[in-house]
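Chemist: The region 'Disordered' annotation in TrEMBL covers 78-99. According to TrEMBL, the feature compositional bias 'Basic and acidic residues' maps to 87-99. The transmembrane segment annotation in TrEMBL covers 138-159, 179-198, 210-232, 238-256, 325-343, 373-395, 444-464, 470-489, 501-520. The active site annotation in TrEMBL covers HIS457.
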Amino acid sequence: MVVLETPEARTAAADCCNAVVNGSSSSDLNRSCCRRPSNGSLIGDVQDSVAAVGDSESDSLSARKSLEEEIDPAATVAETGGANVNGKERGGGDKEKIEDRSEKDLKFLYRPTMPAHRSIRESPLSSVAIFKQSHAGLFNLCVVVLVAINSRLIIENLIKYGWLIKTGFWFSSRSLRDWPLFMCCLTLPIFPLTAYLVEKLAYRQCIADPIVVILHIFITTAAILYPIFVILSCDSAFLSGVTLMLFACIVWMKLISYAHTNYDMRAIAKLVEKGDTLSHSMDVDYTQDFNFKSLAYFMVAPTLCYQPSYPRTASVRKSWVARQFFKLVIFTGLMGFIIEQYINPLVQNSQHPLKGNLLYAIERILKLSVPNLYVWLCMFYCFFHLWLNILAELLRFGDREFYKDWWNARTVDEYWRLWNMPVHKWMIRHIYFPCIRNKLPKGLALLIAFMVSAIFHELCIAVPCHIFKLWAFIGIMFQVPLVVLTNFLQNKFRNSMVGNMIFWFIFCILGQPMCVLLYYHDLMNRKES
């Protein structure tokens, strides 16, 4: 029968151990007072005493090592590998003694008398400790559940509708009617070339700055109106029209950045000539002569902000590009499969959301929200991650921060600053800060930036559909009150994800499916009329 030691004896043993660890004595007598007696003194008290002084000086570390040898000699042998202790090789007799002592110690380990609760601890899912734990297992569980649910939905859809993807999904005879749009896309480089000639004349001081500004306004206006006229004059496919409008908008934004940056470089060069000193933070060589090569690189680079030179990588990883291109093909096919197999049947079997039964419209929107969300996520991954990284790798473009962690955005304003970094940098550089420098209020500058974004969202959707109902414009401008609302909630409830939930619900669950249904039914009504 094991006799537990009294509290007085345990206190004395702990004091003795502290004396040894603190270096006050190194005699065998003091070491033996810390050794576990045969009456079953608890190993936890000795271990706690050792752990409490774990950050002492070097002499106390050596004392603690000696103490650990007494507590668990088997562990000491395992660490040293039985090689040597204090420079001397252990003999077989020493090993047998250590093993005997280790067996005696094991007799008192994990006994019912050992305390199972030693400190105050929180549950892993409590609000205090939830963010200190790894949730990789729960993430894997969510992936498994999503795969299982979506697999069942795919099988159910195939049983109900059959295989809906036709042989002419990628290319058909109707695509040949879109040749005017293709030719328009090929002629878009005329506008950057014209802008380069204007800047060349301005550099040689052949024309004044006001004339340069007027010419750039004419060039950029023509660059956006020319594709709109071609699309509206042709009965082209929706996908072809959207592609051309996206190219036209990108060219327009690049031309604005090119003209604005060169104008600012000339203005700063004039200040330098007058003797003004520049800020040390402006690490730019404004005396550099621009050339057509820098403009050509800028027009194909994955950025919307012009500068004479960019950070470049050392080489092109061909195998990496091949892997990313394979992923691009896979996810583009998945996006097309979801559109043809799920979204098209849903919108064809639905009524106009503003003209039918309210409950029926809500049911259609919620049913459309899941495949629409999948398509939107696939689009983001294909374009912002795969395609822009492939293009950057081929051009050795160094700055590849095309997006940030927008999925963690706590406000709508934060989301718009994180999810599309090329457009965000362009907006900040050429819209927002110029308004601030011209003494406009920050709220008005933000409203102008959203208005520019809303106009181009409307053009990219309404022009290919030949419908101008301003649904996309209203949807983007509706983000302004949401910015105010989510900022208020974030300031009121600190460290809250209320704004993130509002963003996911309004933007992805409600907003996009509603726009899809509105534009689809308006397009069908236009074709019937």
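Just so you know, glycine gets a Cβ as well, placed from its N, Cα and C.
All TrEMBL annotations are machine predictions without curation.
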Chemist: Between the transmembrane segment (325-343) and the transmembrane segment (444-464), are there three or more CB pairs that fall under 8 A, provided the residues in each pair are separated by 6 or more in sequence?
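Modeler: Since fewer than 3 Cβ pairs under 8 Å link them, the transmembrane segment (444-464) and the transmembrane segment (325-343) do not come into contact.
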Chemist: Where else in the chain does the transmembrane segment (138-159) make close Cβ contacts, counting only residues six or more beyond its ends and a cut-off under 8 Å?
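Modeler: Counting only partners 6 or more residues beyond its ends, the transmembrane segment (138-159) has Cβ contacts under 8 Å with 341-342.
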Chemist: Are there any residues at least 6 positions away along the chain from HIS457 (active site) with a Cβ closer than 8 Å to its Cβ? List them or say none.
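Modeler: Correct list: ALA472, PHE473, GLY475, ILE476.
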